[in-house]
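Let me begin by presenting the structure, written as structure tokens, before commenting on it.
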């Protein structure tokens, strides 16, 4: 394979190679790209009794994973990523490794599991004993003390929610962070966080490379909303959907037990509605699901008020699930509040659940003179704070092990992620270039609408625009069928 003359991404974050049949490898950086006298060592797993019986345990250097698996017979092979896993040779001796782990951003089920498995993998697989925990997010590199992490310290933390390292938003100062890494003699940095955190990790990698340091930077994607692109799903998502069922079930019981009972549940989803959509599909008790990607309106023919009135007349009760980012433009118009951002640069959202509940109450009490019993439930912080479920625990374990294998092999500037069921190393810039969103013209959203029997709330003009776009779309649109993640039949 020859190197493409036009590598994508900024600076050194991606290496593109091309092969026959339209094959493209979007590879991750390696220490050997800028350290030319890099030593290598036999992988300690060769003598690890746990793996002595495993055939072909080491990943072949040519193993790659396709970004898209739905293809036509005459389409190019397309973009591939390097397969994750242990290599025959490593670039660090066990004694020289000094690793650190940091968690950034909001809480998410599974954070402690990832921390635990990084520590255990470094120790049990590679004989690494020096692992530090950075306290309090990015600013902990230069403003707080570190925590010494050993297998004994982290042994039971996966049974607890949150993160033993603490977390925070903002505080990213590339120069201060890299200075701290250099001063402490750290040579493996594991960064757990969402797209904003991974952007920070990319900046850290670039500065480390500029200084020519033998330091690897490995990211593990974390977002409970599942809004990170390329990967199948983010850890904690399954747990969030499962826990959301409890809130939806409570809302349904309350609504069903009262005349004109209405339960409103607000779930996470700042920019995308995956949790709300999958929780709705799993529950089967939801009559209406509102997500950021699908605009809705309240009054007039085809509006939400009309639909609520129809459902209450038919069933006598109703449940509405709304993602926190839905309806923000409507709320903004009515409240005339400006745009504010948090320390991570995210837009601060108004409480759309409370606002919608009040608007529904006002409409039915003042305009229709209907007695309405409305219960509003916001389980956000209860969901974020719980330990991960069994499926997420397994996923977190494999993500952590993949990140450790990659770091020991000398790969850097990458995120460990699952692509079509295979663990891969993905360049930072592919993770941070855009957000994953629900596509409202896709089959999965159609399944949601058929499940709830709700209208799309799209105007005639919007429907016409969508129909026009679909007529102009090429047949290969099927190849971009990634919005059905985490699963599709």
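Going from the start of the chain as shown, residues are counted 1 onward.
Backbone N, Cα and C atoms are what each Cβ position is placed from, and that goes for glycine too.
If you look up TrEMBL, you'll see 225 marked as active site, proton acceptor. Taking the Cβ of residue 225 (active site, proton acceptor) as reference, residues of its chain lying under 8 Å away and at least six apart in sequence are, in sequence order, 234, 237, 268, 269, 270, 271, 272, 274, 275.
What TrEMBL lists as ATP binding site is 106, 169, 170, 194, 195, 196, 197. Residue 169 (ATP binding site): 20 other CB atoms within 10 A of its CB, across all protein chains.
Among the features that TrEMBL reports, Mg(2+) binding site is placed at 195.
Sequence annotations record features per position, and here TrEMBL assigns substrate binding site to 223, 224, 225, 268, 269, 270, 324, 381, 382, 383, 384.
Confidence over the domain 'Phosphofructokinase' (100-405), given as mean pLDDT on the 0 to 100 scale, stands at 93. The domain 'Phosphofructokinase' feature in TrEMBL is assigned to 100-405.
Here TrEMBL flags 196 as site 'Important for substrate specificity'.
Put simply, of the binding-site residues 223, 324, 382, 384, the one whose Cα is nearest the Cα of residue 196 (ATP binding site) is 223. Counting only same-chain residues at least 6 apart in sequence, those with a Cβ under 8 Å from the Cβ of residue 194 (ATP binding site) are 104, 105, 106, 221, 222, 223, 227, 228.
Largest Cα-to-Cα span within the substrate-binding set 223, 224, 225, 268, 269, 270, 324, 381, 382, 383, 384: 17 Å. Cα separation, residue 324 (substrate binding site) to residue 169 (ATP binding site), rounded: 19 Å.
Using a 10 Å Cβ-Cβ cutoff, residue 195 (ATP binding site) registers 24 neighbours. It is 269 that, of the binding-site residues 106, 170, 196, 269, has its Cβ surrounded by the most other Cβ atoms within 10 Å. Of all the binding-site residues in the record (169, 170, 195, 197), the one with the smallest CA separation from residue 382 (substrate binding site) is 169.
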